[in-house]
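Asks: Can you read through this structure? Questions will come right after.
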Amino acid sequence: MTRELPMDFTGGYCIPIDHNVEKNHPDCTWPRKPLALSSIMAIIHTPKHSKDSGQMKEHFASIISAIGEDLTRPGLADTPERAAKAFEFLTRGYQQKLDDVVNDALFPSDSNEMIIVKDIELYSMCEHHMLPFIGRAHVAYIPTGKVLGLSKVARIVDMFARRLQIQEQLTLQIAETVKSVTGAEGVGVIVEAKHMCMMMRGVEKQNSVMKTSAMLGSFRDDPATRTEFLSLVR
Ligand SMILES: Nc1nc2c(ncn2[C@@H]2O[C@H](COP(=O)(O)OP(=O)(O)OP(=O)(O)O)[C@@H](O)[C@H]2O)c(=O)[nH]1
């Protein structure tokens, strides 16, 4: 079945952003035109959900009953509550605010050399099956006067990973956010991950790895910068 995914156009390539955005956003037309960075940031930093763990607990109880299990047996009695808590944790990115995540950890620096944070492990969940995808992110940027606290790069990765995602969107969100927070002249992000929806079910391929990248600013425009990033990541 061919499916039209809602698309956004950023930095020269298209990625799905959000099912509601395309319908509602006046800039989202076809053929696509670039969204202003402020619009992108507003979209990706606005949590669209408020948590309700009581409701989640009830829903998990319904799912357990629906698969034919006995909710009253001792092993399962507390499972709806545990599952709700786990799910809340796994999707906590919706509750996070960028300002809190960054916590003003931006420091003046004269460096204009590439900064890379490699091998940031990530745990996310595909929005199609709500099954995990697990992998690593490599994030690089070239600062222009200020650098970001090292841990904050990993926190930004987590903030977006801990939502229902597709890998392409996650990759771009990390890149756009690092760029907007640091004002970097360029940002490169590579994510490599294995998707449980392809391993545990469906096509059942155990060894395929998905690699996605987002190159912004000089990482996009300057082949030497991109090559340096790719060689350092390798
Ligand atoms: N591009 C992309 N696709 C993803 C990601 N996570 C899951 N998918 C894919 O989303 C698609 C959903 O396809 P559907 O045909 O609607 O669902 P399905 O019948 O469960 O598909 P199968 O997984 O092929 O059994 C599948 O091809 C998944 O592999 C992701 O991060 N990026």
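Glycine is treated like the rest: Cβ placed from N, Cα and C.
Features from TrEMBL:
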type    : residues               : note
BINDING : Cys126, His129, Cys197 : Zn(2+) binding site
DOMAIN  : 56-233                 : domain 'GTP cyclohydrolase I'
Asks: Give the number of CB atoms, excluding that of His129 (Zn(2+) binding site) itself, located within 10 Å of its CB.
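Replies: For His129 (Zn(2+) binding site), the count of other Cβ atoms within 10 Å is 16.
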Asks: Given a separation of at least six residues and a C-beta threshold under 8 Å, show me what packs close to Cys197 (Zn(2+) binding site) in the same chain.
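Replies: In sequence order, Cys126, His128, His129, Leu131, Phe133 meet the Cβ cut-off.
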Asks: Please work out the mean pLDDT for the residues of the domain 'GTP cyclohydrolase I' (56-233).
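Replies: Here the predicted model's pLDDT, averaged over the domain 'GTP cyclohydrolase I' (56-233), is 98.
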Asks: Can you name every residue in this chain, apart from Cys126, His129, Cys197, with its Cβ inside 8 Å of the center of the Cβ atoms of the recorded Zn(2+) site?
Replies: Met125, Glu127, His128, Met130, Leu131, Phe133, His195, Met196, Met198, Gly202
Asks: With DSSP assignments reduced to helix, strand and coil, which class does Cys197 (Zn(2+) binding site) get?
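Replies: Note: Cys197 (Zn(2+) binding site) is helical by DSSP.
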Asks: Using DSSP and collapsing to three states, where does Cys126 (Zn(2+) binding site) fall: helix, strand or coil?
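Replies: Where Cys126 (Zn(2+) binding site) sits, the three-state DSSP reduction gives strand.
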